[in-house]
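Features reported for this protein in TrEMBL:
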type: BINDING; residues: GLY103, LYS104, GLY105, GLY106, VAL107, GLY108, LYS109, SER110; note: ATP binding site
Amino acid sequence: MNNEQISARLAQFRPPHWAQDPVSAGFVRAIGMERDELVIRLVLPFADLAVAESLKTLDLELCQLSGARAVRWQLALDVATLARANEAQGVAGVRNIIAVSSGKGGVGKSTTAVNLALALKRQGARVGILDADVYGPSIPLMLGVADARPESDDGKTMSPIEAYGLKANSIGFLVGADDATIWRGPMASKALAQILRETRWGELDYLVVDLPPGTGDIQITIAQQVPTTGALVVTTPQNVALADAVKGISMFRKVNIPVLGVIENMSYHQCSQCGHQEALFGEGGGLRVSVEHQVPLLGQLPLDVNICRHMDNGTPTVEALPEGHITKAYLDIAARVAAGLYFTGTPIPTSLYTRSV
Ligand SMILES: Nc1ncnc2c1ncn2[C@@H]1O[C@H](COP(=O)(O)OP(=O)(O)OP(=O)(O)O)[C@@H](O)[C@H]1O
């Protein structure tokens, strides 16, 4: 068998959301024959295990080239730590922080943050979620752990709540919802910095942070307090929401936090009876913002009564309907976010988790 031929074929493989092929990116670690099987080992530095499906489309050709009876793909993750915005000091053990924001309230930012976190986990990563929405911490409810409280065995650090394989902490676990809403910027950001650094996250590939909606002082303070790798802006297609999404993009750019892209939520309504799709809030808005402001449109989610029901019941859609089309959309977004983060970022050394803070 000629490894060079196999390598050359792999070098032509590039999923649309990857900026490089696996060979030139250095993801291919071994090519060899084991009995009559061609074994190819890839190690990805970002969460994208679903790429296995696309790789399988090469099987027939690779068998012909190598004379093998079958191809065995060995796909593993070793998520790279990428440089943080403004060279901020990281959280030990946490490789990358993804901030989820929205210019306008109620557009589905928390829904997106939770499902994105679960989708990143399905793509093979170790994931945490931090609810930094001081105005309306809803993540405990959405994860079905509203009554949980983080425990502290040393009086200094707290253990996160575990839900659906995510490590979660929320300002909502620690203060009453009404107390947090009257906090002013400095108080809220101080409390948040404490939660971020005093939670025993352990080793995480991605920590998703749900920011408070809006683009005012408090959001800027909080965004700067979190050592972010990249930020996402969630919007709906209405003009008012889009105008606020643009303000969100500008806010991050002003404080030098890279914007990974825009996610359009409630893009269209699909009739549960006949399947007819209707753009209730207008069409093409997310794409327009993405083109005009040069940020990727990472995906579009339908307005679907199931999403709302799942979140209210504390079983997010990615868990409730793991094989459904909405989950597929979240998995695609997760892969695009993870790949985008990697290909636009600069790898730096990973600092391992230590118990002392
Ligand atoms: N695509 C969707 N289809 C149907 N309902 C949705 C969708 N996305 C979110 N929702 C529902 O809309 C409501 C608001 O969502 P969510 O709390 O995620 O918004 P938010 O932008 O985080 O709000 P806030 O500004 O209060 O933080 C929730 O009841 C949620 O279940």
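Keep in mind that glycine also has a Cβ here, set from the backbone N, Cα and C atoms.
Features recorded in TrEMBL, as mapped to the structure shown.
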residue: GLY103; record: ATP binding site; CB count, 10 Å: 25
residue: LYS104; record: ATP binding site; CB count, 10 Å: 21
residue: GLY105; record: ATP binding site; CB count, 10 Å: 14
residue: GLY106; record: ATP binding site; CB count, 10 Å: 11
residue: VAL107; record: ATP binding site; CB count, 10 Å: 24
residue: GLY108; record: ATP binding site; CB count, 10 Å: 21
residue: LYS109; record: ATP binding site; CB count, 10 Å: 26
residue: SER110; record: ATP binding site; CB count, 10 Å: 25
* **Cβ within 8 Å of the mean position of the Cβ atoms of GLY103, LYS104, GLY105, GLY106, VAL107, GLY108, LYS109, SER110: remaining residues of the chain near ATP** => SER102, PRO213, VAL234, THR235, THR236, ALA241, ASN265
* Where ligand 1 binds, which of the binding-site residues GLY103, GLY106, LYS109 are close by, with Cβ under 6 Å? -> GLY106, LYS109
* Structure fact -> Simplified DSSP label at LYS109 (ATP binding site) comes out helix
